[in-house]
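Asks: Sharing the features that TrEMBL gives for it:
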{"type": "ACT_SITE", "residues": "Glu290", "note": "active site, nucleophile"}
{"type": "BINDING", "residues": "Phe109, Ala110, Val111, Tyr114, Asp200, Val201, Asp202", "note": "UDP-N-acetyl-alpha-D-galactosamine binding site"}
{"type": "BINDING", "residues": "Asp200, Asp202", "note": "Mn(2+) binding site"}
Amino acid sequence: MRTEPKALYQTVQYRYEYRCTPNEHNQIFGNQTNFWESHLSFLIAIKYGSRNGCKVGITRKPRTSSWSRTDVQTCTTWKAPILWEGMFDPEVYDQNHKKEGTSVALTVFAVGRYLDEYLETFLNSSEHHFMVGLPVSYYVFTDMPEKVLHIHLGPQRTLKMIKVQRHSRWQDISMMRMKAISDVIESDIRHHSTHVFCFDVDQVFTGRFGSEALGDSVALLHAYYYHLPKIFYTYDRNPKSKAYMENGDFYYHAAVFGGSWKSVKSLAEGCYQNIMEDKQNNVEALWHDESHLNKYLWLHKPSRVLSPEYCWDTHIGYRSDIQVTRLLWAPKQYDKLRTL
């Protein structure tokens, strides 16, 4: 059975892999650097051991410039890593995924004026930053495939256009994408790709969005909510909706989600079924497919969580914990774009 790479953390002398926070690590191993020198034989002996529920793998490696993060939460309560800059070795992830034959499908919807405004920039920036070195298949869902401009693609990169219906309301376009994603995974993606990532088109890649982000089920912390108390999370509070939530773990952003093709298909199908049940009851979730996505990910915990580095809005301003930005919100022009 395929096992996803664990989050890679760096210490002074040796690299070690684990699923726990730096504080949990200190409780288990202590925080003195000479620990590694005095206990090296012990570390080698427990090359793949487990202590207090914290999975550990030890490998020797020369000193590097990367360090574990003590200023942010790096692990969920169910031991899934939360990825931040400084927590992983990109080369290790890339090498592992190349050896495993990983391939990635990227889905994006460019309907109506969104096609002219955003698609070309999104795809060109993706070519420079998204899963570089791995086979990538783009699936562009649009109501006007004849208007999609030619994009120069690198080796092992392909693009397919899928014509979809243009709905009269942008909310319906947003919600109906779940069915389209599920359908194309069943008919095409599952035969060619091991993983799927789904993106909103009004975004621009600005830095590495690489194989460290791959996992069985991947969710993204919303840039506007990750710093806030849970009382401010905008879950759907309507008990009549299938998206209704009283509590949750985090507030996830529907602009980016992914995972293995099986997990993404299950998520898309689950969200679509709940959206249709709401429609039958004349109910619409507060934030449409994002509300349903949050409900699904509360019931089915993601195996990997991406920090807001992976989808940041510069209007938020400076945050010391955001050391890099990998994907940025493009300028929004909703008044123009969301009208027919």
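One is the number of the first residue shown, and numbering goes on along the chain from there.
Including glycine, each Cβ sits where the backbone N, Cα and C put it.
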Asks: Taking the Cβ of Ala110 (UDP-N-acetyl-alpha-D-galactosamine binding site) as centre, how many other Cβ atoms lie within 10 Å?
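Replies: Total other Cβ atoms inside 10 Å, all chains included: 27.
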Asks: For a quick check of packing: other C-beta atoms within 10 Å of the C-beta of Asp202 (UDP-N-acetyl-alpha-D-galactosamine binding site), how many?
Replies: 21
Asks: Measure from the CA atom of Glu290 (active site, nucleophile) to the CA atom of Val201 (UDP-N-acetyl-alpha-D-galactosamine binding site) and give the result in Å, rounded to a whole number.
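Replies: Rounded to a whole number, the Cα-Cα distance is 15 Å.
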Asks: Select the most exposed residue of Phe109, Tyr114, where exposure means the fewest other Cβ atoms within 10 Å, treating these as the binding-site residues.
Replies: Tyr114
Asks: What are the sequence-distant neighbours of Asp200 (UDP-N-acetyl-alpha-D-galactosamine binding site), meaning same chain, six or more residues apart, C-beta distance under 8 angstroms?
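Replies: Long-range Cβ contacts: Val108, Phe109, Ala254, Ala255, Val256.
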Asks: Taking the centroid of the Cβ atoms of Phe109, Ala110, Val111, Tyr114, Asp200, Val201, Asp202 (UDP-N-acetyl-alpha-D-galactosamine site), which other same-chain residues have Cβ within 8 Å of it?
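Replies: Surrounding the site, in chain order, are Val108, Leu115, Tyr118, Leu119, Phe122.
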Asks: What Cα-Cα separation, expressed in whole Å, is found between Tyr114 (UDP-N-acetyl-alpha-D-galactosamine binding site) and Glu290 (active site, nucleophile)?
Replies: 19
